[in-house]
Amino acid sequence: MLNTHRPVRQAGGDTSKHTMAPPAIIAPSILSADFGALGKACSDTIGHGADWLHVDIMDGHFVPNMTFGAPVVTMIRPHVDKPSEKLGKGTFDCHMMIAEPKKWVKEFKNAGCDLYCFHYEAAINSTAAEEPSAKSDKKTSPKELIKYIHDQGLRAGIALKPGTPVDVLYDILDSKTQDEVPDMVLIMTVEPGFGGQKFMPDMMPKVEALRKRYPELNIEVDGGLSEKTIDVAADAGANVIVAGSAVFGAKDPSEVIAKLREAVEKRR
């Protein structure tokens, strides 16, 4: 069973008691899949042993690239069974690299998104508008956005670009209001916007700090993950592994997924 608990901070940094280490979750990025047969690629990848599918949404504003929107998620959702439990197998992990994350929550929920992961850097500069065509003079905040995502019945994730320090998340993760606490933190190990970049090992202190402070937190890493770099990420404490070309470009995706999982599980 996958860990669906919200993060719990251990007093004094003691992670040795009353904690449940989160399981390994392998979430291949469909950005590296065959777009000519995307539904089949998604179904096959779950069949190869993947837990989630990582769905990269880029708007050409927050990041200098564009991918696809909610209609594509709608089209591929029937090819993968909805998870029978929160964050279970078949979860669509939508990584929202967009400037106005609140505007698209309902749209992606209706499309079949399960986990809506927005960027901290976008949320602190975005508005409170709740529809794609809406405008608002009010600002939102990461905590407000997380609560809004939860109110829509989705799980919430928050992502950090490489240049953003991890301690900006502590006030959010330490919130006494559970609906304001994310279900997952994503640490980018490349600059967001393009696939196929090299893994940035200097991001691992962020993962280590989060794992020490929040031993039950789902910590995702995204960018340049493969059999060659997984050990560094697993040693730091990451448990949700996004891999694109390493999985979709493999002769035997099942073997790659199994090796990524083994690297994480043996460090739990």
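All positions are counted from 1 along the displayed chain.
The backbone N, Cα and C atoms fix where each Cβ goes, and this holds for glycine too.
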Annotated range (TrEMBL: region 'Disordered') out of 1-21, 64-84, 190-210: 1-21
Looking at the divalent metal cation binding annotation from TrEMBL, with H54, D56, D222 already listed, which candidate in H48, H95 is the matching residue? H95
Helix, strand or coil at S245 (substrate binding site), per DSSP? helix
Going by C-alpha positions, which of the binding-site residues (S29, G193, S245) is nearest D222 (divalent metal cation binding site)? S29
Considering the binding-site residues G193, G224, which residue's Cβ sits among the greatest number of other Cβ atoms within 10 Å? G224
Which residues in the same chain, at least 6 apart in sequence, have a Cβ under 8 Å from the Cβ of H54 (divalent metal cation binding site)? A27, P28, S29, I30, L31, D93, H95, D222, V242, G244
Which of S29, S245 has the fewest nearby Cβ atoms, counting only those within 10 Å, among these binding-site residues? S245
Cα of S245 (substrate binding site) to Cα of D56 (divalent metal cation binding site), in Å and rounded, measures 14
